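> Here it is, the structure in full.
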């Protein structure tokens with residue numbers, strides 16, 4: 001199983017809308033536990049012109065949902081690496097309905113886009129174009145190759161690694177030396193990614209989609225044990241691994257942004273809140289949010305509407321709460337006496 005995948009773990013979808021509708025709320029396994037399915041497309045864009053997927057400006061297109069934390073991380077790295085002019089992007093409707101992710105015009109759904117690359121109505125059409133025999137989930141993000149008409153990758157963890165280095169020869173000079181996976185920190189990044197993914201990034205889903213009390217309690221307690229551990233790290237460090245922003249920070253950030261407005265209530269992760277119980281995590285979140293361009297990737301309307309309106313097995317009346325969580329535009333105050 002991949003160490004990191006995409007949206008939620010429903011059973012393998014049929015190729016028809018009816019099949020998708022039958023599985024759209026089946027997030028848990030028979031024992032009541034949520035288990036995420038591995039991504040299916042795992043190729044790589046490389047800087048070499050001889051690669052199967054060589055880095056070229058305008059060749060690749062990113063399909064995302066603003067709501068999905070896994071897709072969100074690819075948007076952030078695309079922004080921070082100066083790739084907007086190199087890799088295009090399309091944004092699906094926030095609502096994950098019976099037919100899966102659907103494209104919509106900005107006039108219908110502000111922030112969404114139509115698919116101006118393939119002309120698809122649903123994201124699933126891209127998967128079936130890439131592989132007519134595909135029967136697994138139709139998830140975001142998707143990195144699409146316009147030249148060969150196929151999916152390069154639907155694994156967010158690997159897409160951000162590609163964005164980190166593969167396109168360095170195509171971006172402006174000020175972005176070429178920007179790296180979120182520096183060689184001297186790779187082992188530490190991989191280690192911290194591992195437990196944060198299992199207990200926080202995916203942990204909130206394991207709590208929220210549990211259908212058995214013991215499965216929920218086990219996952220919820222693990223979430224907060226790790227939040228306490230992270231709070232301790234950030235009490236003495238600007239970022240998770242010292243003074244440098246790495247992919248470990250960006251991968252965690254997309255979960256923390258959603259924590260108070262979504263996971264605390266909707267996923268029942270209610271043993272604490274970022275705004276009131278984790279001052280160091282809050283400072284860190286604000287610092288990342290206020291980096292140039294990052295706030296543009298945070299669409300709280302899409303985020304809240306997606307979770308509260310798509311998961312009808314949890315919220316059958318689709319009521320969307322008012323709060324957006326803490327104001328991340330406020331100053332990222334560093335506590336006095338800290339060594340950073």
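Along the chain as shown, the residues are counted starting at 1.
Heads up, the Cβ atoms here are built off N, Cα and C, so glycines get one too.
Checked TrEMBL, it gives:
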ACT_SITE  68  active site, nucleophile
ACT_SITE  205  active site, proton donor/acceptor
BINDING   101, 137, 138, 139, 140, 155, 156  glutathione binding site
DOMAIN    182-317  domain 'GST C-terminal'
REGION    1-21  region 'Disordered'
SITE      263  site 'Lowers pKa of active site Cys'
SITE      307  site 'Lowers pKa of active site Cys'
> To what whole number does the mean pLDDT across the domain 'GST C-terminal' (182-317) round?
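Mean model confidence (pLDDT) across the domain 'GST C-terminal' (182-317) is 98.
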> Round to a whole number and give the Cα-to-Cα distance in Å for the pair residue 137 (glutathione binding site) and the residue listed as 'active site, proton donor/acceptor'.
17
> Considering all pairs of residues in 101, 137, 138, 139, 140, 155, 156, annotated in the record as contacting glutathione, what is the maximal C-alpha distance expressed in whole angstrom?
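Taking every pair of listed residues, the largest Cα separation comes to 17 Å.
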> For residue 155 (glutathione binding site), identify the closest of the recorded positions 68, 263, 307, judging by Cα separation.
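Closest by Cα distance to residue 155 (glutathione binding site) among the recorded positions 68, 263, 307: 68.
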> Quick one: of the recorded positions 68, 205, 263, 307, which has its CA closest to the CA of residue 140 (glutathione binding site)?
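Out of the listed candidates, the nearest Cα belongs to 68.
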> Which whole-number value in Å describes the distance between the Cα atoms of the residue listed as 'active site, nucleophile' and residue 307 (site 'Lowers pKa of active site Cys')?
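About 9 Å separates the two Cα atoms.
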> Hey, how far is residue 139 (glutathione binding site) from residue 307 (site 'Lowers pKa of active site Cys'), Cα to Cα, in Å?
15
> Looking only at C-alpha atoms, tell me how far residue 307 (site 'Lowers pKa of active site Cys') is from the residue listed as 'active site, proton donor/acceptor', rounded to the nearest Å.
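So the Cα of the residue listed as 'active site, proton donor/acceptor' lies 11 Å away from that of residue 307 (site 'Lowers pKa of active site Cys').
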> Within 10 Å of the Cβ of residue 68 (active site, nucleophile), how many other Cβ atoms are there?
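Residue 68 (active site, nucleophile) is surrounded by 27 other Cβ atoms within 10 Å.
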> Using a 10 Å radius around each Cβ and counting other Cβ atoms from all shown chains, which of the recorded positions 156, 263, 307 yields the largest count?
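Top count of Cβ atoms within 10 Å goes to 156.
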> With DSSP helix as H/G/I and strand as E/B, how many residues of the domain 'GST C-terminal' (182-317) fall in helix, strand and coil?
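Going through the domain 'GST C-terminal' (182-317) residue by residue, I get 94 helix, 2 strand, 40 coil.
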> Name the one residue among 101, 138, 156, 263 whose Cα is closest in three-dimensional space to that of the residue listed as 'active site, proton donor/acceptor'; these are the recorded positions.
263
